[in-house]
Amino acid sequence: MPFWYSNSKLIWLLSPFSLLFWLISQLRRALFSLGLKSSYRAPKPVIIVGNLSVGGNGKTPVVVWLMEELKKRGLRVGVISRGYGSKSKTYPLFVTKNTNPIEGGDEPVLIAKRTNAPVVISPNRQQAIELLLSQAECDIIISDDGLQHYQLQRDLEIVVMDAERALGNGFVLPAGPLRELPSRLKSVDFVITNGGKNQYSDAVMRLVPHFAINLKTNEKRQLNEFQSGVAIAGIGNPQRFFTMLEKLGIQLKQTQAFQDHQHFEASQLEKLAENQPLFMTEKDAVKCQSFAKDNWWYVPVDAEIIEAEKQRENLPHFWAKIDKLVEQYRNG
């Protein structure tokens, strides 16, 4: 919501509801902390990759980056997710690169396609982990989202944040974009800011596009081969994608933002770009592959994670913590 990042009067009208939201969420977290509500401890270490605010922070590229880095260290990685946007009739659901995104959710299917790792979705994270471990050998589990899912005990928490929007107006929902107060950041292990650094940054992420891939033929082209086109995005922060294309020298004749996790139909897109390239995100492409036209292209991005400050050693400490964590579980 635009007013989350301004001084709109709506903030004060909605603030009583935010107070109620905060009280309920704090009570819920306290019940888990005190052991008055039961939580699940997985037999393998669990890393949460989540957000303090809603929408468009860049969490999925961090999950993919983390998985690839863990695999380089010789670790077998599995992923669980709530599967937001999934319309599966049964849960838990084992997701592969061939799973219909309507059933598996766009982000879980994207993660499965990019990493070939085992992915399971379920609103019940315990059931997701139990199915995951029954079907795959895993040394470590990544929970895609779930920072506020306190039914699941965790060993390490990573928060991904948009560097520019940060925490918005500092209010929790619905007056602001936050799921918890900013003070929650004091208890997480690592904060990655997307697109630059701010006061909260432990590390900075840059999203790097390398080429465009045709949805129908899988042909790859360098992005500098395109002069103009139309762009669509059904992600949390569509403008970030449009700006990236423009910075690459592509003149966008038209842009169309859709809601996050939008389920597309061919009729929505066909008329947008009949005689010119249509660009979309990789997340949107997994939902459009089955009805793609010859001129539809998606632009995959890779996350580059660097230190927030040159003199600091946050990343080595982060990896040392993970190595120690895995060793503890292996030794019982």
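Backbone N, Cα and C define each Cβ position, glycine as well.
The Cβ neighbour count for THR60 (ATP binding site), using a 10 Å radius and every protein chain shown, is 25. Positions annotated as ATP binding site by Swiss-Prot, on the basis of sequence analysis: SER53, VAL54, GLY55, GLY56, ASN57, GLY58, LYS59, THR60.
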- Task: Among all chains shown, work out which of the binding-site residues GLY55, GLY56 has the most CB atoms within 10 A of its CB.
- Result: GLY56
- Task: With an 8 Å cut-off on Cβ-Cβ distance and a minimum sequence separation of at least 6, pull the same-chain contacts of VAL54 (ATP binding site), or say none.
- Result: LEU173, PRO177, ARG179, GLY236
- Message: Beyond the listed site residues SER53, VAL54, GLY55, GLY56, ASN57, GLY58, LYS59, THR60, identify every same-chain residue whose Cβ lies within 8 Å of the center of their Cβ atoms for the ATP site.
- Response: ASN51, VAL160, ASP162, GLY236, ASN237
